[in-house]
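Undergrad: Residues or ranges marked as region 'Extended PHD1 domain (ePHD1)' by Swiss-Prot on the basis of sequence analysis: 14-132. Marked as zinc finger by Swiss-Prot: 14-52, 80-132, 209-249, 278-330. As annotated by Swiss-Prot, phosphoserine applies to S138, S145, S155, S183, S199. The region 'Disordered' feature in Swiss-Prot is assigned to 139-211, 330-365. Annotation comment: Swiss-Prot describes 157-171 as compositional bias 'Basic residues'. What Swiss-Prot records for K173, K227 is SUMO2 cross-link. Among the features that Swiss-Prot reports, region 'Extended PHD2 domain (ePHD2)' is placed at 209-330. Residues or ranges marked as compositional bias 'Basic and acidic residues' in Swiss-Prot: 342-352. Under the heading compositional bias 'Low complexity', Swiss-Prot lists 354-365. If you look up Swiss-Prot, you'll see T358 marked as phosphothreonine, on the strength of a large-scale study or a structure entry.
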Amino acid sequence: MSSSVEQKKGPTRQRKCGFCKSNRDKECGQLLISENQKVAAHHKCMLFSSALVSSHSDNESLGGFSIEDVQKEIKRGTKLMCSLCHCPGATIGCDVKTCHRTYHYHCALHDKAQIREKPSQGIYMVYCRKHKKTAHNSEADLEESFNEHELEPSSPKSKKKSRKGRPRKTNFKGLSEDTRSTSSHGTDEMESSSYRDRSPHRSSPSDTRPKCGFCHVGEEENEARGKLHIFNAKKAAAHYKCMLFSSGTVQLTTTSRAEFGDFDIKTVLQEIKRGKRMKCTLCSQPGATIGCEIKACVKTYHYHCGVQDKAKYIENMSRGIYKLYCKNHSGNDERDEEDEERESKSRGKVEIDQQQLTQQQLNGN
């Protein structure tokens, strides 16, 4: 899936999201802008919009969504008023079918709506504050399944109605017939879909193949991210590069190779678990266990997101060095290489001196 997304910078800093018409990046996620500068939208505003489905084509995309689909959803939103601020652009509806509440993403937060986000399962749902209690039981069921089987391919049993993103009805009160027609069209599209595939990391809702515990995609990305290694005993899977650059994984020596991509399986599982709390600097999704090598830097990435964000990867197999420097610190790698070279020479000299001293002691005895 090609990506034409670029970070907002320079003259584009004043651009506003086509949905919420704001610059609330802290609440709504990164503001993504198309290459032609004509479309801008917050990542969260797109992820939770009712009629947006992830794009799997090679055409231009915005945060994993088709530019054309984003434009259609923005246009649909011009006729949908927010239940909290009463402004247009409210394409995020309560997931209870009979509820007519619709929001902007930040308005849903301010109105204390319940946000359900499970990227590895492609689930992005909102329940208004009135229906929080209704959603509680299904949330508990989902959480249990997510904790136990996050890395396990979805089975037909797991695709119960309560775990799907359901189509939302919008508030048609006071809208023209044309508006009702447009809004209903968006709802009809959702009803024809068996699953709301919102995650740009997912390939297909019917795809039951193993997915990487870090980047949440499967073997289709092997060429760019390395072989997908599968550990059936723990229902775990991970791409080689995702493990190689992950901060906490331990690569085994040549004399003790494991069957899980030459990595200590325990450290891989620990990293996957840690990754659930680590959101990517670029895409805001969990699983970002690759951190910038500069200690003071807080940027973390998925392997492919680091590449996309022009971070610099240092890979020296002979010396076992695998590092990432974000684009702001990419100039520091040369200095680190020099320091490591000096340290390596110093260690080598100490070892030689120790060997000579030991030999002299043996000869003296």
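The backbone N, Cα and C atoms fix where each Cβ goes, glycine too.
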Undergrad: For the zinc finger (209-249), jot down how many residues DSSP puts in helix, in strand and in coil.
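TA: Helix (H, G, I), strand (E, B), coil: 15 helix, 8 strand, 18 coil.
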Undergrad: Let me know the model's mean pLDDT on the zinc finger (278-330).
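TA: The predicted confidence over the zinc finger (278-330), as a mean pLDDT, is 88.
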Undergrad: Just counting, how many other CB atoms are there within 10 A of the CB of K227 (SUMO2 cross-link)?
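TA: The answer is 13.
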Undergrad: DSSP helix, strand and coil counts for the region 'Extended PHD1 domain (ePHD1)' (14-132)?
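TA: Counting residues by DSSP class gives 34 helix, 26 strand, 59 coil.
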Undergrad: Counting by DSSP secondary structure, give me helix, strand and coil numbers for the zinc finger (278-330).
TA: 9 helix, 16 strand, 28 coil
